[in-house]
Amino acid sequence: MENKFNHFDNEGNAIMVDVGNKNATERIAIASGKIRVNRDTFLAIEQGTAKKGDVLGVARVAGIMAAKKTSELIPLCHPLMITNCTIDFELLPKTLEVEVTSKVKVTGNTGVEMEALTAVSTTLLTIYDMCKAIDKAMEIDNIHLRRKTGGKSGDFINE
């Protein structure tokens with residue numbers, strides 16, 4: 001089977017893929033990424049003492065909002081009726097990192113990979129925004145799709 005980009009027509013014009021004839025199935029996507037911070041920033045996040053408030057709480061809400069708005073940010077992405085979106089954090093004190101994981105679900109005829117990736121990206125950017133007064137050298141890294149299930153192309157695992 002030949003691999004080809006499906007967001008282009010035969011003349012190379014950008015198109016929105018027609019998903020109208022695809023079966024509605026439950027689809028799940030999980031994405032993750034990390035932000036590396038300095039020790040003071042890590043402690044402020046961990047202890048909830050950042051000047052702007054609850055960094056992880058605000059970042060979680062931002063990530064969920066971003067998942068819901070993905071089709072407004074990515075030009076050829078379909079608007080979806082997301083059935084669930086979760087954002088989880090793992091604090092990694094040895095490496096001074098916060099790992100963010102998003103899980104997005106939909107019952108529909110197209111997947112939610114872009115929503116999961118957008119949720120992680122926005123969550124990480126919100127952490128950066130809320131902490132930049134004390135740490136401008138933070139590094140966002142390793143944003144990737146970890147898993148997707150459902151749909152014609154089958155399951156994908158990258159963990």
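Including glycine, each Cβ sits where the backbone N, Cα and C put it.
The model shown is predicted, which means the values in this text are computed figures rather than measured ones.
Among the features that Swiss-Prot reports, substrate binding site is placed at Leu76, Cys77, His78, Met114, Glu115. The annotation active site is assigned in Swiss-Prot to Asp129.
Cβ packing within 10 Å was compared across the recorded positions Glu115, Asp129, and the lowest neighbour count falls to Asp129. Taking only the Cα positions, the spacing between Glu115 (substrate binding site) and Asp129 (active site) is 21 angstrom. The binding-site residues under consideration are Cys77, Met114. Their Cβ neighbour counts within 10 Å are lowest for Cys77. Sorting the binding-site residues Leu76, His78 by the number of other Cβ atoms within 10 Å puts His78 first. The substrate site, placed at the center of the C-beta atoms of Leu76, Cys77, His78, Met114, Glu115, has further neighbours from the same chain whose C-beta lies within 8 angstroms: Thr70, Ser71, Ile74, Pro79, Leu80, Thr110. Across the structure, Leu76 (substrate binding site) and Asp129 (active site) are spaced 27 Å apart at their Cα atoms.
In this structure the alpha carbons, written CA, of Cys77 (substrate binding site) and the residue listed as 'active site' are 26 Å apart. The substrate site in the record is lined by Leu76, Cys77, His78, Met114, Glu115, and its two most distant CA atoms lie 13 Å apart.
A straight line from the CA of Met114 (substrate binding site) to the CA of Asp129 (active site) spans 22 Å. Between the C-alpha atoms of the residue listed as 'active site' and His78 (substrate binding site), the distance comes to 28 Å. DSSP gives Cys77 (substrate binding site) a coil state; it is part of no helix or strand.
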